[in-house]
Amino acid sequence: LLSQFDPDNTGYISTEKFRSLLQRHGSELDPHKLEVLLALADSNSEGRICYQDFVNLMSNKRSNSFRQAILQGNRRLCSKALLEETGLSLSQRLIRHVAYETLPREIDRKWYYDSYTCCPPPWFMITITIVAFFLYNGVVLDRFVLQVSHPLYLKNALLYHPQLRAQAWRYLTYIFMHAGIEHLGLNVVLQLLVGVPLEMVHGAARISFVYVAGVVAGSLAVSVADMRAPVVGSSGGVYALVSAHLANIVMNWSGMKCQFKLLRMAVALVCMSFEFGRAVWLRFHPSAYPPCPHPSFMAHLGGVMVGITLGVVILRNYEQRLQDQTLWWIFLSIYVIFVLFAIFWNIFAYSLLDLKLPPPP
């Protein structure tokens, strides 16, 4: 094909030859993909099409140059919106729903709808949720409880405790422990309702990065700003995902076509506020197991900061290479500087300040 349409081996195909190719084989292509190809041809003012962009499209890959050609094109996609299509199966309607919940541009929604194969499935968020649930209820408590806090959560090797801060795994594994069933329940609900659709669209690599970055930022924020308190729960990662998603909706308000988006945002904010308010109240409430205080709420704030910085950039740039995004490198640098600062703080500040820490569990 390349030798036929690009005899000089320049890497480009003229728009005339490109159009003739579409006319000849257009009936064999998916209507959405054909529509994007036509938009690519109409948007190009140089009279040629990059062959690699064409290959990327046919193999369900998107390059930055291809995206820019589409987004800056003069041709408006005039066919009916994906939301108006009928006769879809249950799985197709689910994929369409996820597309409208998370993506602000119709061209991206159509692309996602055409290319999503559920392979791999959203395994990361589901696995994290299942592990947290069974570790908490099975290994630690051996039963379901319904109370504000349970002292047994302290007696395990996973939570973050200031006396055990040298055990580096605790800065991450604390997400599998929760201080009560209501604490676990709220995090699980937000994690599944928000995290799973985001992972379906953006993939496990990006979503796990945001989640883990929020988790690490949460425990480090506690070690810097609330130095005497332990921390448990997956709120750092959950708040990173939810805050990134809500910020993305606000920034792309006119393009987001999800149903009841104002109501959904209100419900998410109410749930987050309730869980955060509960954590603040619990932190300053007299401890049920002195002298160790209740868990800190600073992990929530660390997760939010990650979400509205790194998370927003990742979710906004659907299917784009983050390496080419200046804002990505700025926020990543800020995050790395904070992590390094917190590490040195943990090494030197505790001894310099001569704090009286609670005994290890």
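Even glycines carry a Cβ here, placed using N, Cα and C.
Annotated features in TrEMBL:
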DOMAIN    1-28  domain 'EF-hand'
TRANSMEM  123-146  transmembrane segment
TRANSMEM  207-225  transmembrane segment
TRANSMEM  231-250  transmembrane segment
ACT_SITE  Ser235  active site, nucleophile
TRANSMEM  262-284  transmembrane segment
TRANSMEM  296-315  transmembrane segment
ACT_SITE  His300  active site
TRANSMEM  327-353  transmembrane segment
Expressed to the nearest Å, what is the distance separating the residue listed as 'active site' and Ser235 (active site, nucleophile) at their Cα atoms? 6
Interface check, the transmembrane segment (207-225) with the transmembrane segment (262-284), three or more C-beta pairs under 8 A: no
Same-chain residue ranges lying at least 6 outside the transmembrane segment (296-315) that approach it to Cβ under 8 Å: 102, 198, 202, 206, 209-210, 213-215, 217-222, 225-226, 229-231, 233, 235-245, 247-248, 251, 275-276, 279-280, 282-283, 322, 325, 327-328, 331-332, 334-335
For the domain 'EF-hand' (1-28), what's the model's average pLDDT? 68
